[in-house]
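Below you'll find the structure, written out as structure tokens, and then a few comments.
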């Protein structure tokens, strides 16, 4: 089956089965093009609760599909690339979190959405990179445990100096490998370019950026800016939407290392087969789901 026929088949199956395709901004262009909704983790979580589809095909990684299932237990949630995980999410498990919490009794736990359902269930509130600062500010406590991303924790600590942020030492391997020397090098080559960086990058990189934000915030900033050249410090998948929405502007990747291989696992064939056979369904234990739902709902209630 050629690509055109496969896309037609995906559309047919989608209609026949009342399915919706949600894709993260880091997915390959072909997946973004067939998706009904493309966005960051927060947008995908919100859209999952709004859709009346019976089947949600989540083109992303496991924790995203779990979040959709937690929020929409009556929907069948499929993860086409069933082995697409997140190394950062795997850097903490529920037992490690319990031990960490025991060191800091009565300190609330803010859990980055890039985490397992079990870790979410053991936390007090969830956050994404687009609402992390609001979430931390919303808490009454002057101390906050933040898991699992040390870099996002460092960025929050800088933005919310009135609170002590106690970080877990996890990180995104894709963003963490970007070096501040790469920023210096491109700054010299393109002094007129605006640097837009994700807060999962290290503090050394973040402090040299012109703007720091989630993928959706980066896309919005580029759209509204009068600048013509942008250097993008997040996973390369976001370039597709940036170039598509801003055809007269130029976008350059900050580092060639900004590629998440797990995000690149989903192919059209995966999506087609997942829909055709309704395979690779995500199941979350009901006890875990109910506890994790509270942390996600707490987040979604914050405006």
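Heads up, the Cβ atoms here are built off N, Cα and C, so glycines get one too.
Swiss-Prot lists 24, 41, 112, 113, 114, 129, 198, 199, 200 as iminosuccinate-binding residues, and of the candidates 4, 51, 215 the one it assigns to that same site is 215. Put simply, 200 is the one of the binding-site residues 24, 114, 198, 200 whose Cα lies nearest to the Cα of residue 172 ([4Fe-4S] cluster binding site). Other residues of the same chain near the [4Fe-4S] cluster site, with their Cβ within 8 Å of the Cβ centroid of 86, 172, 260, are 61, 87, 88, 89, 114, 173, 174, 175, 200, 235, 262, 263. Considering only the binding-site residues 24, 112, 114, 200, the residues lying within 10 A of residue 86 ([4Fe-4S] cluster binding site) on a C-alpha to C-alpha basis are 114.
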